[in-house]
Every structure is written in structure tokens, then in C-alpha cells.
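**Student:** One structure, as C-alpha cells, below. Some questions next.
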Amino acid sequence: MSSLGRGSVGQGKKKVQISFIIRDEVEKYNRSGVNAIQHDPDLKRLYSAGRDSIIRIWDTRTKKDPYLKSMEHHIDWVNDIVLCCRGRIMLSASSDSTIKVWNAHEGTCMATLRPHRDYVKCLAYAKDVEVVASAGLDKTIYLWDVEELAALTSTNNNVKESKVHEKSSIYSLAINPPGTILACGSTEKAVGVYSVGVMDTRGPQDIMRLKGHTDNVRALVLNRDGTQCLSGSSDGTIRLWSLGQQRCVATYRVHDDSVWALQANESFTTVYSGGRDRRVWATDLLNPDYRTLICEEKSPILKLELVKGDTDYDSMWVATTDSTIKNWSLKNIQKRLSGEYDNENIKPVYTQPNSTIKGGSSIRQYHVLNDKCHILTKDTENNVALWNVLSARLIENLGKVSFEEEIKKRFKMVHVPHWFTVDLKIGLLTIHLDESDVFSAWVSSIRDLGINPPSEWEDCKINLGQQLLRALFEHWPKSHMYENQDGMREMADPLLFSVPEHTPILINTCDDGHGRAHFHPFLCRDADKETQQKCLNEEVPSWAAEVLAHKNMSQTVTKIAFFLLQYPNSGIKTAPKDRLSASDMIQVRKVIEHVYEKVLRQGVENGHQSGESGDHEKEAQDISKLAAEKVELLCNDQVLDANMDLRTVKHFIWKQSGDLTLHYRLLNR
């Protein structure tokens, strides 16, 4: 008897989505924009936080192939990262609503924090006291003791937290090195300033609101003693605030668009800025008219990271909405600051970077083909590719060809219901499966989908969603056997196809009424590990468990109503106008056989039609062949392919509301 009851798997009435990503096993290159970067001066490493959900480690001493390792645990954009404890520990913030604690040297995830109820957008690090602040769209700021986070284990998972609530979504944070002053920027168009005691149980204390910006505050920097603050805004300005006077003491208008990134030198005399206008400026804070254009990127700038030289910062890493990261020289920039400037005609000091970490292409456009199995994509380098959803694999790189022409060339007159959705947010194909439609697509054969089934499956109707779920959970022991109606355990059928074992899978559970999501990511091959088995036994939704663990997959037959009439002037005696009904998957050839057997042969037997009346035995031996030779079926005066099913006829040829109307006529052979 089975020890797995139907109630022990699944999540009740909670909405649960299963997703997977089609990708290479090792993604060496950023596949989308880079939201954040951190430099480790001791190990000469650069860490990049990608919109493709991956944190990558790069060796800045190697220009040819700087890739070292990927840190993969997030399942959405990584929005910010901070290196702590002299580069030993890293914290990352993501749109998957989690904060992760990493061993930065080894690139391994140590713990996951889930205090936030929405995207976590920013982090700030107080170096002297090893405290990190986190904030995001849930309007809440949390403070974390990094040493305490680094000590978390599976048995020691209690962590203290200090928090404060804001009125608006938070997009930027800053904290001074001693951890005494915290600043946050939000859609409130103001800078909130808090007094912070080191992990004070009361939380940060609100001391002032700095108002003056006319749009979202996207970047903040505090000086060491917490007396001055720099803010960059979507209104295109940079403001310098005196916290003692609680007012703006200078406004810098060097950008033509939103300011998204700020950095300042240690003496707080020069600010480096970048944003939507793709330009990186250095501005003298003491003499606002003195500035210089360091470089101009090809894409909007998201983050700046200063690299310290012997005496001052001698270079800067720049991350943009493009996947490539560049390092630009800052040597002698101070000497180049000038009051003579013209934003439109000024030329950058440097036109070529010191070094470049090349990025990969990002998928930006897709088209699901009519078979609802293959997807055509076009990436940022205009390369077109063909993918198979069922096998989760790239089928063919087509190169720089016309995307529209490829869609036309691969058009097939076949109608299969939608049963999945596609997401390009991370620059890769992410496929989402929902209970509402995952089992909508039944097909008569999967041979035309690029999959060769076993002989015993040749004439079986196949549910695409069910078979894909079985492939995704191939290594989950509960899917190897199923419970029959008598409660006995039986071996599951062999898989029709498989997905790559490195395929990332995500179970996304939305809890009741609060809008908060819980994510459980794992790799296909890891489903048989003891820790994963325990999680999956609880996390796999009931609608998936029913077909995986219980093989409870009843075919829902969708009926289609139609009229079957003789073609005008066809020479066949008029039959009554009957309204028929059949499965929408029935093929035209079956309707032709019905016409031959129920109409034509009946006419022959009743003596209403002359010729070819004696060879009934031969007709009985091969009704299908004879029917195809004698009868053809039409819809809207278009002759139908015998292999076409009725749902395809209605979708592509009938194209009207109301019951389908088909006509039959004799072939002159």
C-alpha cells in the first residue's frame, strides 16, 4: 500500500505555478542588464548582479576569459549586492522578494531571508559595524547584523531584525560607515533620514525629511560622519544636503535625464554620476561649475563602482542595461575639471575603456508557433532561434534572418489550445504552467512535434502538459510509481521525452489573501535528493501531484457541434440537415468515412445510386482508403486536408461564431 495520501501533496486552495527556464547548463555571460557591481580589491574580483537572476564572479586581472563562477539561487532580477567582512560575505537583494547570504569566496549560498513582501530593490552597508540595511517596494527598511547572518545554519536559523516602515516604495538606501545615519529615497520624492543605534531594538528613528526633488530619488551617498548627503533623482538633478541645516545646499544639473547612479570619493569632494543619458560625469562638490565628462556608454547606466589606486580612485566599473561591463580610467580626472562646459558639444575624456567584460545576448522577442510546442525568438544581436518547449532545448540557431519571414515559413494550419505562458523578463525563455490551462492541450500524435514516441503510443491521444510535468519531475521518486484506484502502487509509464537535467524549476506559491509569494527553486536532477524530496512532497501543488503521484488524468473531451450537408449540385440525394457532435480532435478523414458509410453506402444499398454496387467486401476491408478515393469534405468552399482536425477547421477556415458547417461531395475518379 502507498504511504502517500492525496492530502499530503499540494497546497490546498493556494494558487501555485510551476515554471522552468530553458538555458545552457553554464551561463558564462550576463544575458541581460547588470543592476549592481562590487569590487574586491584584495582578490581582484568583480561581482556582477544580473537581471538574468545570476550573480557572476570575474577575475579582473584576466582580460581574455575573466569568468570564474556563477552564484545561482535567485529566480528573478538581482537588484543589489554588497560585499561585507572584508569580502568574505555577500548579501544580495532580488525581485523574488528574498535576501540571500553568500560565502563570497566559494560562491555558495549560506542562507535565505524572507522578511520582505515585495521586490527588494536596494542594500546599504555600514563597514565599521558590519550592518546591512535592505529595502524595497514593500515600504519597509530592515537592518541586519552581518556576523549573525554569517553564523546561520539549518539548525541555527533564528536572526534578529530591526525595521522601520516608510510611506512609499523605496528605491535607494545609504548608510554611513559607522552605521549612525541611514538615508532612504522613495517615490515620495523626498529623502528620509534616520538615526540608527547599532541594532537598536527600537529600530531606526526618523529625524528629518529632505524635500526638493520633483521625482523619484534613485541614488544616495552619505559622507563618513553622516553630516552630508548626495541624492540623484529621476528629475535629472543631483542635490547636496546638509543634514545639520536640514536643507539643500547645492543642486547640480549635469545630466539631461534621470540620475540612477552615484559614487563619491572618500574626502567627499567629487561626485561621480550616471543615468539614463548614458553619460558618466565627475563634478566638484565645492565648485559646482567644475565638472568633466569621463565617458559615454551605449546604454543607460545603472551602477558605478570605484576602484582605489595608490592614492585615490584610479578607475571605475560601469554597469548598464546592456550585458557588458566596462572599466574606465579616472587618472588625472581631478586636473581636468573645468568650468567651461557645453553639455551638447562636450567630448568625453575617454572614448575607449581600460577593459571590458563581454556580455551575452538577451532574448527580447518571441512567437509561439501554432503547434504550441515550438517557439521562435529574436535576441538583442538580432539572432533568430528555434526552441522546443517539451524538451526544454534549443533546436536551431538560425542566425541573422528575418524574424517575420521565419514565422511565415514555419506556419502550420493546426490549432492547439494555449497551455503555457512565456516570460522574457530575465532575458531567457521562462515557461509558466498554471492549473487553469496546463492540461488544455491534447494532441493525436507528438511525432510532428519532433518527438518519436514508442510504438504503443502511436495511436494514443497525448496531453502535452501532463507529459511535460512528468519530464520536469522525472527524478522525484513520487513520480516513479502511482497509486491506482485500489490503493496499490504500480510502476509509471515510460517517459515520452526528457528535459536537460540542469533545467531550473520553480514552484511559486501565493498565500491566501496577502499577495505574498513563496518560491521554491531546484534543478531537475536534484529532485531525488533527500532534502529536496521532503520539500517537494509538501510544495508540489495538488493539480500536479494528481497526475504525477496518482496518475489521475482523465481526458476532458471537448465537443464540437457541426452540420454535415451535401455540396450543392453534387448529384447526391439530399439528406436531412442533421446537427452532429463529435470530439474537436476528430480528424476530417473520420468524417469522410462517416459520409461514405452512413450516406453513400446506404444510398447504394437502397438502390438510389448506380455503379460500383457489388464490391462490398472490398469496401469493408478498407473503408478508409475507399472513402478517401470517393469523397472529399469542404468548409467555406475550401477542400479540407484529411489529417486536419475539427478544431483546426473551425479556427482557421470556418472562422465564425455558431456551429461549424461542412459539405461533402463525390470525387470523379
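Our numbering is plain: 1 for the first residue shown, then up by one each step along the chain.
Cβ coordinates come from backbone N, Cα and C, glycine included.
Residues or ranges marked as repeat 'WD' in TrEMBL: 27-68, 71-112, 113-154, 210-251.
How buried are the listed features, and what sits near them?
**Tutor:** The list of residues near the repeat 'WD' (27-68) in space but at least 6 beyond its ends in sequence, with Cβ under 8 angstroms from a Cβ of it, reads 74-83, 86-87, 90, 92, 94, 96, 102, 104-105, 107, 299, 302-303, 305-308, 317, 319-325, 327, 355, 357-362, 425-428.
Per-class residue totals from DSSP over the repeat 'WD' (71-112), listed helix then strand then coil: 0 helix, 25 strand, 17 coil.
Same-chain residues lying 6+ beyond the ends of the repeat 'WD' (113-154) with a Cβ under 8 Å from its Cβ atoms: 77, 79-85, 88-89, 91-95, 97-101, 160-179, 182, 184, 186, 194, 196, 198-199, 203-204, 514-516, 518.
Summarising model confidence by region, the repeat 'WD' (210-251) averages a pLDDT of 97.
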